[in-house]
Amino acid sequence: MNLSEIGYRRVVVKLGTSVLTSGSRQLDKAHMVELARQMAALMKAGVEVVLCTSGAIAAGREHLGYPELPDTVANKQLLAAVGQSQLILAWAQLFSIYGLHVGQLLLTRADLHDRERYLNARDSLNALLAQGIIPIINENDAVATNEIKVGDNDNLSARAALLCDADLLILLTDQRGLFDADPRSNPDAKLIKQVVNIDDSLRLLAGGAVSGLGTGGMATKLEAADIARRAGVEVIIASGHHPRVIQDAVCKESVGTHFTALENPLESRKQWILAGQATRGKLILDQGALNAVTQKGRSLLSKGIVRVEGKFERGATLHLVDSDGREFARGMSRYSAKDLHLIAGKHSDDIESLLGYDYGDAVVHRNDMVVL
């Protein structure tokens with residue numbers, strides 16, 4: 001591979017379960033060899049590669065001979081615990097063919113929610129890359145509960161791209177990319193090759209279809225792409241079975257759907273707010289508050305809150321939505337849900353008299369907010 005043809009220097013590659021199993025109930029080792037070869041070629045050409053791999057539960061099912069996916073959380077976590085060791089062993093053996101070492105990082109949302117743990121994870125990633133070691137990331141499904149799960153490896157890979165300041169995120173799936181209709185039911189569906197802006201019409205196109213044995217569909221890939229591109233990371237969604245797909249993507253050949261990055265990406269702290277934080281509640285705002293936040297860059301005051309939804313403590317990240325339920329911003333609350341139920345719709349000057357204390361006039365300060 002000619003280094004001059006490469007447009008990126010640090011790349012995150014996400015492999016979905018449907019890619020790793022080729023639609024079967026076990027890992028497709030032959031295909032994994034080819035994917036490892038492509039990533040090894042990038043490493044040899046000077047491109048740093050981070051691999052975000054699904055497939056732990058599928059590997060566990062194969063190793064233990066489970067015919068069907070169990071219903072209980074405990075048994076799914078059992079399969080993840082057994083399968084993760086098999087998965088990392090397989091990747092370690094494959095990359096060793098090319099003289100490359102791997103390092104495993106198992107993450108949960110809690111690791112990304114806490115600022116110190118987030119920075120520690122970033123340091124670990126950078127240390128591995130500095131030594132020419134391929135970081136292999138997966139969600140820690142063996143211990144994760146719904147409250148601390150990222151939820152799918154599409155979103156986890158987007159967060160990994162932010163963690164390591166990647167230039168490109170490649171989401172490989174069983175589809176060629178994003179289409180203007182469902183290609184499985186509409187033979188006239190056309191591939192969308194370039195996306196500059198992600199809006200509601202595009203989200204509607206993505207739908208909620210789930211691929212194969214995994215948990216992520218095109219909707220989750222679109223969500224991941226939006227997170228990454230806001231942080232200045234380009235994104236490509238493509239078929240994991242397209243010949244040379246990883247190398248073609250990095251060499252800027254036409255493959256899949258390409259999402260351009262924002263020209264003015266979010267600064268580091270706001271990237272963390274958008275990508276690392278668990279969103280635990282929702283604030284419905286009036287039109288005046290919406291305009292102040294989106295058009296004037298103001299902080300959110302209690303007066304503009306119409307309704308509070310969810311249970312959360314001070315410091316939680318919340319969805320800020322309009323009267324129709326459309327999210328337009330996300331931010332860290334200085335007040336708990338209990339507090340906000342008492343001060344919603346009230347003037348900031350009344351907060352101390354209503355609560356007996358205050359944490360400032362702003363419910364969500366503009367420095368702790370990301371306008372979407």
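In case you wondered, yes, glycine gets a Cβ from its N, Cα and C as well.
Checking the candidates SER54, SER239, SER254 against Swiss-Prot: the one annotated together with ASP141, ASN153 at the substrate site is SER54. Put simply, the two farthest-apart Cα atoms among SER54, ASP141, ASN153, the recorded binders of substrate, are 11 Å from each other. Break the domain 'PUA' (280-358) down by DSSP state and the numbers are 26 helix, 24 strand, 29 coil. Under the three-state DSSP scheme, THR220 (ATP binding site) falls in the helix class.
Comparing Cβ neighbour counts within 10 Å across the binding-site residues ASP141, ASP174, the minimum falls on ASP174.
The binding-site residues listed here (ASP174, MET218, THR220) include THR220 as those with a Cα within 10 A of the Cα of ASN153 (substrate binding site).
Around the Cβ of ASN153 (substrate binding site), the number of neighbouring Cβ atoms within 10 Å comes to 28.
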